[in-house]
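For reference, TrEMBL has these:
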- B:12-35: transmembrane segment (TRANSMEM)
- B:65-84: transmembrane segment (TRANSMEM)
- B:96-115: transmembrane segment (TRANSMEM)
- B:143-161: transmembrane segment (TRANSMEM)
- B:191-213: transmembrane segment (TRANSMEM)
- B:228-251: transmembrane segment (TRANSMEM)
- B:263-280: transmembrane segment (TRANSMEM)
Amino acid sequence: MSLLSVNDLTRNFGGLTAVSRANLHVDEGELVGLIGPNGAGKTTLFNVLTGVYPPSSGTIELNVDGTTTSIGGKRPNAICRAGVGRTFQNIRLFKDLTVLDNVRIAMQQNIPYSLLAAFTHAGTFGGKEQQIRDESEQLLAVMGLADKADELSRNLSYGDQRHLEIARALAVRPKLLLLDEPAAGMNPNETRDLTDLISQLRRDFGLTVVLIEHDMSLVMRICERIYVLDHGSIISEGTPEHVRNDPLVIEAYLGEEAPNA
Amino acid sequence: MTEFLQQAINALSLGSIYALIALGYTMVYGIIKLINFAHGEIYMIGAFVGYWTMSVFHLGVFEAILAAMIVCTVLGVLIERVAYRPLRRSTRLASLITAIGMSLLLQYTMMYFVGADPRAYPALPDYMNASFSLGGVVVKSQQLVIIGISVLLMILLQFVVKTTKMGKAMRAVSQDPEAAQLMGISVDRTISFTFAIGSALAGAAGVLVGIYYNSINPLMGIMPGLKAFVAAVFGGIGIIPGALIGAFVIGGAETAVSALGYSLFRDGVVFAILIAILIVKPTGLLGKNVREKV
Amino acid sequence: MGAVRNILRWLVPLGLAYGIVLALIQVGVINNYLFATMMTICINIILATSLNLVVGFTGQLALGHAGFMAIGAYTCAIITMRVDGIVGFVLGVLAGAVLAAVVGFLIGLPVLRLRGDYLAIATLGMAEIIRVFINNMGITNGAAGLSGIPRHVDWNWMFFFLALTLVFLWHYIRSAHGRRAIAVREDEIAAEAIGIDTTRVKVQTFTIAAFFAGIGGGLYASYFYVLQPSQFGFLKSIDILVIVVLGGLGSMSGSIIAAIVLAVLSTFLAQFTDLRMIIYSLLLVLIMIFRPGGIMGSREVSLGILGKVFGERKDPAAMVAPPIVKQDDEEVPSDEEVK
């Protein structure tokens with residue numbers, strides 16, 4: 001059974017069908033790419049998967065450790081706790097909080113303590129807070145942000161902000177990580193580093209990753225399987241080589257005026 | 001049945017007055033997203049201007065309404081320029097507190113000059129005091145005047161907003177001030193114009209309330225102002241037809257509660273209705289559910 | 001060591017404040033009038049810091065704090081008038097706080113789904129409804145109100161409850177729970193995406209704020225011994241909000257300073273009788289125009305000297321941020337938006 005099974009998923013906005021009868025299956029440990037021209041519905045698909053929009057129809061199932069949960073239409077926070085972490089296309093950090101706090105707020109979700117401890121700073125408070133802090137700092141170190149822990153996240157460089165978003169998403173300890181254009185705005189060097197980092201994170205954290213990306217070099221290099229979305233429908237699926245040579249995909253990207261080579 | 005029709009007429013008069021005030025709230029909110037708490041005071045000042053026009057200058061009711069509208073227009077535009085414009089780029093809460101400050105300022109300045117005691121409105125001409133019976137339903141001619149003037153002003157407003165260039169500018173600015181500016185619309189002038197129209201309507205409402213309740217005082221703006229605002233939110237704040245529907249619902253509910261003998265619970269019922277509609281439709285009756293772009 | 005230092009951070013300033021006031025009372029510097037002003041300040045601090053938790057730290061514009069204060073005040077009054085002695089008083093204050101919290105929870109659950117100005121007007125309406133009920137109930141003696149409530153509040157009791165409120169709220173904000181609230185203020189969608197149940201967080205802070213407003217109300221009833229529904233109108237809620245905004249959203253020390261400044265100001269303005277409110281409202285407008293972020297912005301008073309004495313280092317847990325109540329008008333894209 002796949003980790004993520006999406007069956008006949010449709011999402012309409014008024015008369016517009018942003019995602020149309022999409023079927024996706026992602027196995028545990030896979031690294032899957034989601035590509036398609038602008039306006040194809042990639043981000044909308046992510047938003048439906050993470051509960052920002054409920055699906056108009058269709059089902060989404062998550063199978064973690066042998067138990068299957070239907071997450072279609074659940075609230076984003078419930079879907080997150082079921083094991084799905086994500087980043088946003090237009091970076092949504094807590095901009096006026098420090099780098100450490102951004103990660104802590106996510107990390108603390110796994111290390112809860114009581115309201116009474118919060119009011120008194122007694123009992124389990126000290127130990128739990130220390131644990132939250134230590135684990136957050138470890139994660140920041142992995143993401144190369146250890147020396148920036150006390151900076152306001154709005155003051156980070158663009159690349160660092162993208163890294164921090166990934167760190168925050170990892171802090172909730174997801175099984176499935178959805179990355180929405182993680183390399184957007186990065187130069188080729190940064191993109192290469194990010195590619196390596198994603199592969200490394202997948203190994204170290206035992207993650208399954210689905211990523212939306214426009215940078216084809218990144219997608220073709222690290223994705224094992226690719227889904228191509230156009231006008232809300234999945235028009236092709238397979239290995240990078242297969243997708244690259246699919247005439248439907250070429251047409252979707254180049255438009256109908258493309259020479260029929 | 002007669003009783004019902006009787007109350008319906010009362011509800012219609014009260015609703016018309018609320019509608020005139022609610023329109024100002026909703027237009028200002030639509031364009032600068034500010035709850036203009038001072039709007040209730042503009043209406044109070046309109047009532048006093050009407051009072052002086054009739055008692056000091058011995059002019060008629062319609063001249064009084066006109067005078068109130070003119071003075072309130074000037075006042076509304078002035079308040080926007082002096083107090084709200086400097087805060088346009090500031091936080092919503094800072095503007096809100098400023099609006100509350102303006103509201104208190106107008107109340108207590110007025111109180112300083114005219115005293116806190118309520119005063120009776122000048123005697124109305126005979127034709128305004130006439131009443132006639134339609135199948136047992138007593139209709140006062142002043143009620144007809146209130147409803148008539150309100151409807152007239154609302155039609156005029158609809159005409160201005162829908163057909164004139166300024167109306168188009170208002171709609172454009174309320175949708176996207178920056179884009180409107182790029183299209184060559186003067187945002188400042190449009191906002192001033194919106195305050196002008198809203199305040200003029202409130203001024204007229206002030207005189208009509210004076211006629212309706214026959215009593216005015218410097219604090220009279222608070223409750224009707226709040227209720228008109230409730231009406232605007234009920235219908236979906238920023239939406240002109242919504243404000244009208246809201247005003248008549250609130251006016252109707254108040255009249256009904258009073259007629260059933262629970263007038264002490266009147267204000268509570270108004271707010272309960274508001275909360276109920278917001279729980280069902282979080283952006284009001286006609287409000288569109290705007291969703292943040294992700 | 002860290003724990004001791006943390007305790008000293010609030011114990012020292014509170015202890016100093018308590019001692020100084022006590023000494024001044026003993027010496028006779030604080031007369032009755034001054035004492036009443038101080039009681040008002042303390043009650044206002046309780047009300048403002050608790051409201052700040054909702055408006056400043058969670059970013060939810062609530063305009064009905066007077067409603068919770070009224071519940072606390074009337075509950076405390078009714079109980080102290082029936083149960084004698086200090087037991088009745090403590091019982092009354094706590095019962096009022098609990099009842100206010102329960103009402104806050106029940107109202108917050110449906111209402112806190114609303115955003116921005118819709119939430120503001122709904123909470124304002126809720127407070128008005130509470131007032132209408134008090135106005136029409138037998139046990140509250142309707143519009144005439146209650147008088148002759150036994151006065152139990154002295155400086156010790158007032159200080160006890162004030163300190164309780166401040167210490168609890170201060171700790172709460174600097175905990176995982178408080179950080180969650182701040183995350184909701186900063187970006188609700190991002191907060192949900194990392195598993196935060198935003199509705200639950202909002203209801204939690206709203207309920208806590210109602211609880212402490214209830215305490216403030218109880219102290220008010222017991223000290224001023226006369227209650228009328230008209231004292232808890234819309235303007236009372238606004239008064240509290242003004243303290244919060246003037247002090248700075250998301251600044252506890254700002255709320256404390258603003259409560260003191262406003263009390264001093266109003267004492268000073270008392271001599272102008274007729275012009276008092278005109279000057280007050282004019283100042284309000286001018287302050288907002290020239291200092292819209294409030295006195296403190298969102299910073300806290302760092303205990304400069306004390307900090308040095310106890311070797312306090314800059315604590316990153318003190319999340320200071322410019323907490324702007326989010327501009328909802330940026331959320332223009334509607335349902336039709338695709339991406």
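Each Cβ is built from the backbone N, Cα and C atoms, and glycine gets one as well.
Because TrEMBL annotations are produced automatically, they should be read as predictions rather than curated entries.
Same-chain residues lying 6 or more positions outside the transmembrane segment (B:191-213) and placing a CB less than 8 Å from one of its CB atoms are 13-14, 16-17, 20-21, 23-25, 27-28, 30-32, 36, 39, 42-51, 61, 64-65, 68-73, 75-77, 79-81, 85, 121, 124, 128, 142, 145-146, 149-150, 153, 157, 160, 166, 169-170, 173, 220, 224. The transmembrane segment (B:143-161) is not in contact with the transmembrane segment (B:263-280), judged by fewer than 3 CB-CB distances under 8 Å for residue pairs 6 or more apart in sequence.
In terms of C-beta pairs under 8 Å, the stretch of B:65-84, B:228-251, B:263-280 lying closest in packing to the transmembrane segment (B:12-35) is B:228-251. Residues 223, 227, 230, 233-234, 249-250, 253-254, 257 of the same chain lie 6+ residues outside the transmembrane segment (B:263-280) yet bring a C-beta within less than 8 angstroms of a C-beta in it.
Non-local neighbours of the transmembrane segment (B:228-251) in the same chain are 11-19, 21-27, 29-30, 35, 39-40, 154, 157-158, 161, 174, 270-271, 273-274, 277-278, 283-288; each lies 6+ residues outside the stretch with a CB under 8 Å from one of its CB atoms.
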